[in-house]
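Enquirer: Next up is a structure, given as structure tokens.
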Amino acid sequence: MKVAFCGTDNSSAYDISGGFLRNVCFLDALNLVPHVFLLFITFPILFIGWGTQSSKVQIHHNTWLHFPGHNLRWILTFTLLFVHVCEIGEGIVSDTYLKSRHLHLFLPAIMGFVAATTSIVYYHNIETSNFPKLLLALFLYWVMAFVTKTIKLVRYCQDAVPLVQLRFCITVIMVVLYGLLMAVEINVIRVRRYVFFTNPQKVKPPEDLQDLGVRFLQPFVNLVSKATYWWMNTLIISAHKKPIDLKAIGKLPIAMRALTNYVSLKDAYEEQKKKVADQPNRIPSIWLAMYRAFGRPILLSSMFRYLADLLGFAGPLCISGIVDSFNNSEINATKTLDDLTQPYLTSHDFLKTAYVLAILLFLALILQRTFLQASYYVTIETGINLRGALLAMIYNKILRLSTSNLSMGEMTLGQINNLVAIETNQLMWFLFLCPNLWAMPVQIIMGVILLYYLLGKSALVGAAVIVLLAPIQYFIATKLAEAQKSTLDYSTERLKKTNEILKGIKLLKLYAWEHIFCRSVEDTRTKELTSLKTFALYTSLSIFMNAAIPIAAVLATFVTHTYAEEKSPSPAQAFASLSLFHILVTPLFLLSTVVRFAVKAVISVQKLNEFLISDEIGDDSWRNGDSAITYESCKKHTGLHPKAINRKHPIRQQLDSGEQSMRVPTRRIDIDDYAIKVTNGYFSWGSGLATLSNIDIRIPTGQMTMIVGQVGCGKSSLLLAILGEMQSLEGKVHWSRLNETDSSFEASRRSRYSVAYAAQKPWLLNATVEENITFGSPFIKQRYKAVTDACSLQPDIDLLPFGDQTEIGERGINLSGGQRQRICVARALYQNTNLVFLDDPFSALDIHLSDHLMQEGILKFLKDDKRTLVLVTHKLQYLPHADWIIAMKDGTVLREGTLKDIQNNDVELYEHWKTLMNRQDQELEKDMEADQTTLERKTLRRAMYPRESKAQLEDEDEEEEEEEDEDDSMSTAMRLRTKMPWKTCWRYLTSGGFFLLFLMIFSKLLKHSVIVAIDYWLAQWTSRNQNQNQIQTLCSVNGSIEETKNCYIAVFSALSAAGIVLCLVTSLTVEWMGLMAAKNLHHNLLNKIILGPIRFFDTTPLGLILNRFSADTNIIDQHIPPTLESLTRSTLLCLSAIGMISYATPFFLLALVPLGIAFYFIQKYFRVASKDLQELDDSTQLPLLCHFSETAEGLTTIRAFRHEARFKQRMLELTDTNNIAYLFLSAANRWLEVRTDYLGAFIVLTAAVASIAEGPTSGLMGLGLLYALTITNYLNWVVRNLADLEVQMGAVKKVNSFLNMESENYEGSMDVSQVPKDWPQEGEIKIENLCVRYENNLKPVLKHVKAYIKPGQKVGICGRTGSGKSSLSLAFFRMVDIFDGKIVIDGIDISKLPLHMLRSRLSIILQDPILFSGSIRFNLDPECKCTDDTLWEALEIAQLKNMVKSLHGGLDAVVTEGGENFSVGQRQLFCLARAFVRKSSILIMDEATASIDMATENILQKVVMTAFADRTVVIIAHRVHTILTADLVIVMKRGNILEYDTPENLLAQEDGIFASFVRADM
């Protein structure tokens, strides 16, 4: 067949007798000219590139888009492309009606399409390389195209072509588009003046793009990249090579930073405040403020959402059109066209063509998905901005909260944490779902209208089914929330119990009580599982409803339709309505969720409002130096001076470097020279009652003022009142302005406004020790050293694993009270402020440290600095050092003056003090041995060291395992990161039991086959009118029409019913399996851990073990089952869809190969990146929450120091870090969804084209298209769920790693019956050649120890720390590995006994007294074996009887967690009573008196000698004098026995070690 431009069958084609413009063919050729011109000009420029033309401004990521009209141009170009596609289609369709090919009908359009594409590519390259002169080529192209199209339009008008004709419409639209594009181009010339003008405009890229740290480019890229997240490709692909870290995701762009959003939200909120200022009972509306600040993006997102929803209906309509076009194809064939050269199509004819519909469907899908993702992205970005703003608002409010609010209402800390962790997130989620609220009703209404248009009245039946079942969905959703809450309560209780077990595990093992406590955890777990069962039930119901509603609706509709209309629906109707039902279900299912979130959001806003209008601290203008950069000043300078926000105050560094030289000159002390003066002060804690009354005091400058008085007389309150933390009812606090003479900048910088304050309850940041001491001041080495020495912190710092770079408060490094207090004092000393307030700094310190601190720190360091010090203390022996004394009593000032004044004026008080001082001195002497500090250090060392070594060992093991199979560890690691953890998945699935696993797989497969069968049957039934001659089905046996109809309906109903039942079964089995797995995993974990060796607990941080029980168990309980359900469902749906399409059109399989490969790579890259981003999001959330709770706890300190600005700054940084991680995570999800959606659209396109080409039965074809459409929805879920499951399987993996641990060997070689009932009766102990080590790979701690202890002897064991005393006591209980030698008690070798029996027959009192929450009775006798009399007797022996009697409930009185409601001494006595209840003939005391005062210790000594007179007692001594009365003393060193004799004999040896110990102890 010959091809010619104007066709070969028309002689008049080249006839130009009527003028050129009368010839259509010539006009079309003319249209080619501009396109060809553009291609000729731009291609060389594009391909040669601009190696020479580099841009003048260095831009980041070449994404700088700055030509005016940029977005408009992209939108117009895309519209133009779409119109070109229509033009091509129109040309080709017209051409099919002609006898020969007429190229002029579609060739110009194709060239136009190519040219338009080139134009936008060309433009993009010019814009990013900032070379506007080259835009002239485009300008010329638009002008030429505009002119040629206009000529064509004029010609059509002359011919009076009617408007109905498609070609005329297209030409009009083209003219308009080219005109607009020309206008855009002229505008660029006008604004940028790059040509025709003398001075072109200079431009600078935005700040974000100059900053290389900003990696989030979504706001800065062009429309295509915005829509497809093309700019994310590099990040997501790079995740394969190395994990994404915080550096890779960079900083937030300025517009999204918390500060920017905070300012806009705050302004809006202040506006609301002003509105309601005059109406006292109205509160400012946060809703309106949020709308003011963030309303516009929400409206934009809603617009996108509406567009997407409307385009969504294109699917069903196109399906019905395509299927219809086949039914009508026979009729159409007869019609031919009269005018051969100018076949005009009406748009109606055009849309009857199946291929056109297929392409339209493809374009509609792509657009719909793009709009949908854009809508999601905009809401998410807005939600994140809102969260940042709210967090900043809450934080600002926290910094201004009045102290009485916090100290009176104990709840508020919890409330604040909830506001931060829960309420802000609720609001953010509400914003995410917000557009759904108004998009869904529209979607539902549209859907019902379309259904009505397709099926008539019977459609309403189906819609009614859906609408009626929706409330049930809502009911289920509320129930779900309730079940989740009760589950949470139980799991909190279970965690509390687990925590107690882990803290007291050593005691539980020594007393053989593990099983009792284990059982109580199991009980709580059973309750938790019961409420989890309800949770699972409702979850599965909700899944079931979601799957069953469309089946039920379709059933109802088609049955009604068949009976009402007297004919079965046509395939076009059937499949279009099926796909409409699928569209309708989603909004209805989501509506319940959205409504629930809306309700939650309303509650959250109420809570926020309450918080934001609560009391604030008074504005202490007298102390408001300009020491803090406020938010407001930052706001004014954002553009000019970002450093004020971003860098941590560089100004401060320069000031303080000169600090050494410029000291405040000393001045003579004059009593009028006061730093602070309070006159006639009455202060209250917000109750209106004055806590402090009639206060008149002066605090002299540069001197030491001491405030003394009894407990609770208002000393601390006085400090807080001066700091402005209390409400002042009347009176004033005057802060002296510094003498005008030294107005040097430095002196005022050492600001009088800032007070170095150390509170009574030490407050530390979650930061390194050094950061806690310098607290934001610059680090000056000699000053730092002086401070740490003064507070004697050096030895403690040396014990920490990383010295002063150790983070406090993480990895179980918990400092003791004294250590924390000393760090707080050090912080106050280190700060360079004129005023220092120390609130009882000696309370937690022992006597040596107090003296050292007093001499070195206070008298030397502070005096040298001439700083004003106010010291609250109980230690009266320091009064002589004071320059000024304030004595307080019952909230008033009793005396004020120097010690001499008081001695002269108030003799009585002075004498009273003197007696107290003497008493304190006596206590001093007693206290000398009680060296608390060494003890604290010992516990610290104990906590620190074994852990480190163990951690290193574990790391090495892991590395070895990874490297064994491959030397190139890097690639292995990468392989591990890309591989799904199939092994762990299998472990998880099998831990639920094989039967359930099999049931789940079987029911899933069955359900999906039934659902496919339903649709297949529908296809057979609807297309039976057209295929009478085709396949025989079950119902097409020769019967009357009525019978066949009934038969079809019966089978259809049966299948639908089966489908609905199976939906329920599958959703239940998945949840049930998940539950069983959760139950078994937790049970095994708990039992494994409780039976683990003690060494495991010494070396594994408590937090790590607890995490397995909290976070990981929670994931296994609640997150894995739904993920698994969703994953299997979406995978099976996609597979059944692909199977169905291939069955309908086998050609489809060819196209499947490239699509499959694309899908594989998308999911592979996404999974890795998603996992990293998820981890980043989790890890950045914690510091943010910590920072909030820290701030709330340390409010007074922060405000005293005047460090609000620095803390705000830190909070903004943390918020931004968390937000950027979250933003990237959601952008990555969008990246994936756009890609999978486009793949889905291609699947639809190939399925449609293949089926049109084959032209099989229209029923099957409709079926194939319907399935292709569902794929688009489910593809991304497959990947998302895979990624989620991979992350969640990490929890199973962690739990499994604990399950492989060795347990203690509980079985003994002896039979229980061989052991006498009352063994050990005598209490005779033989230790023969004993060698002990903690683990096989460690050195022995006891070497060949031999000893013999007679029945009833009291034996003392002493030695320095680490000499093996405690290890010996543990050896009696076989807590350590006895690898040589043996211990024989009453003739039985203990290594042969069952562990439980051995431990239950001995008793021990440990150094740290441990009590459990419960009753006193439970603490003494958890096994409930003893009578009350025995318990009272034990309490009497331990001198506790009277105290317990006075408690409410006696033996059943409550013991709080850890026994906090008793003092340490009392707890130790309880432990003694506990040992006594155990009536065993051997008692071991492991440094039991270390943490008690002398008086209690004497009681203990007496008790041991009398009550345990006939028992063998082994005392491991920490103070030697406690064992001077023993019958036998053993002195140990490095695991060996050095001396072994009676104390008298040992003391006689002058040069003996024991003698030297005793001398040192005197």
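Numbering starts at 1 and runs along the chain as it is shown here.
Placed from the backbone N, Cα and C atoms, the Cβ positions cover glycine too.
Just lifted these from TrEMBL, have a look:
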type     : residues  : note
COMPBIAS : 954-969   : compositional bias 'Acidic residues'
DOMAIN   : 307-600   : domain 'ABC transmembrane type-1'
DOMAIN   : 676-915   : domain 'ABC transporter'
DOMAIN   : 998-1286  : domain 'ABC transmembrane type-1'
DOMAIN   : 1325-1559 : domain 'ABC transporter'
REGION   : 946-972   : region 'Disordered'
TRANSMEM : 32-51     : transmembrane segment
TRANSMEM : 134-151   : transmembrane segment
TRANSMEM : 163-184   : transmembrane segment
TRANSMEM : 350-367   : transmembrane segment
TRANSMEM : 427-453   : transmembrane segment
TRANSMEM : 459-477   : transmembrane segment
TRANSMEM : 535-559   : transmembrane segment
TRANSMEM : 579-599   : transmembrane segment
TRANSMEM : 985-1002  : transmembrane segment
TRANSMEM : 1048-1070 : transmembrane segment
TRANSMEM : 1132-1162 : transmembrane segment
TRANSMEM : 1236-1253 : transmembrane segment
Enquirer: Short question: which residues 6 or more past the ends of the transmembrane segment (579-599) have a Cβ under 8 Å from it?
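Expert: For the transmembrane segment (579-599), the list is 312-313, 315-316, 319, 426, 429-430, 433, 436-437, 439-440, 443-444, 447-448, 450-451, 454, 462-463, 466-467, 470, 473-474, 476-478, 481, 545-546, 549-550, 553-554, 557, 1266, 1269-1270.
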Enquirer: Could you tell me what the rest of the chain brings near the transmembrane segment (459-477), counting residues at least six beyond its ends with Cβ under 8 Å?
Expert: 447-448, 451-452, 538, 541-542, 545-546, 549-550, 552-554, 556-557, 560, 577, 581, 584-585, 588-589, 591-593, 595-596
Enquirer: Which sequence positions outside the transmembrane segment (1132-1162), separated from its termini by at least 6 residues, show Cβ-Cβ distances below 8 Å to it?
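Expert: Residues packing against the transmembrane segment (1132-1162) from afar: 1004-1005, 1008-1009, 1011-1012, 1015-1016, 1232, 1235-1236, 1239, 1242-1243, 1246-1247, 1250-1251, 1253-1254, 1256, 1260-1261, 1263-1264, 1267-1268, 1270-1271, 1274-1275, 1278-1279.
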Enquirer: For the domain 'ABC transporter' (1325-1559), provide the mean pLDDT of the predicted model.
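Expert: That stretch averages a pLDDT of 82.
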Enquirer: Any residues 6+ beyond the ends of the transmembrane segment (427-453) with a Cβ under 8 Å from its own?
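Expert: Non-local partners: 290, 294, 298, 301-302, 305-306, 309-310, 312-313, 316-317, 375-376, 379-380, 382-384, 386-387, 390, 459-460, 462-463, 557, 577, 580-581, 583-584, 587-588, 590-591, 593-594, 597-598, 600-601, 604-605, 608.
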Enquirer: The transmembrane segment (163-184): which same-chain residues, six or more beyond its ends, come within Cβ distance under 8 Å?
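Expert: Residues 69, 72-73, 76-77, 79-80, 83, 86-87, 90, 94, 139, 142-143, 145-146, 149-150, 152-153, 156, 344-347, 350.
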Enquirer: What parts of the chain pack near the transmembrane segment (134-151), using Cβ distances under 8 Å and only residues at least 6 beyond its ends?
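Expert: For the transmembrane segment (134-151), the nonlocal Cβ contacts are 21, 27, 30-31, 33-35, 37-38, 41-42, 45, 67, 112, 115, 119, 122-123, 126, 171, 174-175, 178-179, 181-182, 185-186, 188-189, 194-195.
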